[in-house]
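Positions annotated as domain 'Mur ligase N-terminal catalytic' by TrEMBL: 24-97. As annotated by TrEMBL, domain 'Mur ligase central' applies to 109-304. The ATP binding site annotation in TrEMBL covers GLY111, THR112, ASN113, GLY114, LYS115, THR116, THR117. Taken from TrEMBL, the feature N6-carboxylysine applies to LYS217. The feature domain 'Mur ligase C-terminal' is assigned by TrEMBL to 327-456.
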Amino acid sequence: MKLKQMLSDYQLGEQPKWDGEQIITGISDSSRDIADGMIFVAIAGFEQDGHDYIPHAIEQGAALIVGERDCPEALPIPYLKVANSRQALGQLADKFYQHPSGRKHVIGITGTNGKTTTAFFLKHLLEQQGFSVSLIGTIYNEINGIQYPTPNTTPNAEKVHELIAASQDDFVVIEVSSHGLTQYRLEGVAFDYALFMNLQHDHLDYHKTMEAYFEAKAMLFDKLKPNGKAVVNTDDIWGLKLAQRLVAKGIAVITVGHQDDAVLSIKKMTNQVVTLAVSGETSALDPHMPGEHNLYDIAMAGAVIQDLSYPLADVTEQMRSFAGVPGRYEFVHLKDGVHCIIDYAHTPEAVSSILTSMRRDGAERITHIFGFRGDRDASKRDEMIAASTGQSSRVILTTDDLNGIPEEMMKQEYAAYQHKFAGMHKVDVMMDRTLAIQAAVNEAREGDWILVTGKGHEKYKTAYALPTSSDKETVLFLKSSEK
Ligand SMILES: CC(=O)N[C@H]1[C@@H](OP(=O)(O)OP(=O)(O)OC[C@H]2O[C@@H](n3ccc(=O)[nH]c3=O)[C@H](O)[C@@H]2O)O[C@H](CO)[C@@H](O)[C@@H]1O[C@H](C)C(=O)N[C@@H](C)C(=O)N[C@H](CCC(=O)O)C(=O)O
Ligand SMILES: Nc1ncnc2c1ncn2[C@@H]1O[C@H](COP(=O)(O)OP(=O)(O)OP(=O)(O)O)[C@@H](O)[C@H]1O
């Protein structure tokens, strides 16, 4: 695309002579990725200021610089000043890739918990209908059947448009984080369906208040295509508030919840089956994945499937071939009736929900191993401990990602919790995560359950005593050593 086409929506103002005919070869906010003929968008970030890298981008061959500051003096290439660089990155990428989301069926999923699980459910169910599906999310991005690692749940704006443009699949399912929304990573993306799962205590280090966190999530619903639809869990109080707001705006809303007037009314949630009624017709859906929270996730995925005119009644059968979601209620049978669950729960509600599910599955004595992420929302820690001690017999606090926080500081915080629960609940501290799991396994007797939460599918960022790199590897290593 020519430079003058890329800039047709902008006023370049007084500039040294520039060549509108120049072919633009790409766009990036990282000077490291700039090559000849590309546009560099300078972003004032949380860690660094992209404007400091303008000389580097020029050295690399940039054809245009976009930034929020005044044009640096004696710039040899044109400079476009914008009010918001992150937003401009999305708008320019959308243009460069020729509005890719407009040409695809795009489904966005937001909420504190359940995005990944629902995305996997939806992908599987759509594939069962004969569609191909791209996935952009926490565990990996999968485009045209090829999986790519990803550092973020929602990639940056340029990447999102690039991935949608590269997709030759029928559908693109995107996990939409609140960070992604407030940082304009979805700028220019238009959605056919937008799903709201729930809003729970998380990320208040970033959003400060639940109200602000909610407003961030609500931004997704401004991105629906004119005929796009919202699918909202109205059992969640924030979901109910969102649904009312969207209806008032004239947006089509598929409500999912226990209310009789919900579009998909939940009639029963029991024994791993959720019974839904749509227009008087009842269907029972079984995700074939333990955990009560997964019943909401399958109901939300089912809402899209039925709206696309595929029978809900087939979902249970179609889920039989579902392979599960890495690090979500992953079950390992250890030895003599000792069971272990690995899960990604890192909010109080998720911890509570997983423990409730385990108890319903027959767990009586549960050792729960988890830790707190350094440099992340610390205000949820009390509630996480309360959720754990409320339903487990023993807690072992261990290392999660420290994110630069000194281990000693985290250890002191854990010691304070040990002190608080002294005499009431067994709270141990073992900072080496692999040794904490080993201790629980060694001490487990027949009928015991072990729950390891927080890391799920993720690789360890810390080197531990055992030669393993994830919770699942550690558990399998210990299982094989037992033989
Ligand atoms: C705090 C935060 O959210 N940071 C995100 C943000 O980084 P940033 O733009 O502020 O980057 P920065 O490092 O300060 O750099 C500023 C600019 O300088 C540029 N630069 C830098 C160096 C250089 O040599 N040349 C250069 O041009 C960078 O490319 C960047 O454009 O934008 C980046 C691109 O979109 C994100 O990758 C990055 O996520 C970081 C890694 C992160 O950990 N974010 C977490 C909090 C997050 O976003 N999590 C959510 C999921 C949350 C959930 O669990 O629900 C997610 O979507 O992943
Ligand atoms: N509908 C739900 N309600 C509450 N908790 C849930 C729900 N679905 C999943 N969970 C819990 O939350 C954890 C994370 O689930 P999942 O990865 O699907 O959510 P996510 O929204 O993608 O999370 P993240 O934003 O952290 O990547 C699960 O391991 C489970 O413990």
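Just so it is clear, glycine is given a Cβ too, placed from its N, Cα and C backbone atoms.
Automatic prediction, not curation, is the source of TrEMBL annotations.
The Cβ of GLY114 (ATP binding site) has MET197, ASN198, HIS293, TYR296, ASP297, MET300 as same-chain neighbours under 8 Å, each 6 or more residues away in sequence. When Cβ neighbours within 10 Å are tallied across all protein chains shown, the highest count among the binding-site residues THR112, THR116, THR117 belongs to THR117. Rounded to the nearest whole angstrom, the C-alpha distance between LYS217 (N6-carboxylysine) and THR117 (ATP binding site) is 18. For the recorded positions shown (ASN113, LYS115, LYS217), fewest C-beta neighbours within 10 angstroms: ASN113. Residue counts for the domain 'Mur ligase C-terminal' (327-456) under DSSP (helix as H, G, I; strand as E, B; rest coil) come to 50 helix, 32 strand, 48 coil.
In this structure, GLY111 (ATP binding site) belongs to neither helix nor strand by DSSP; it is coil.
Averaged across the domain 'Mur ligase N-terminal catalytic' (24-97), pLDDT for the predicted model comes to 96.
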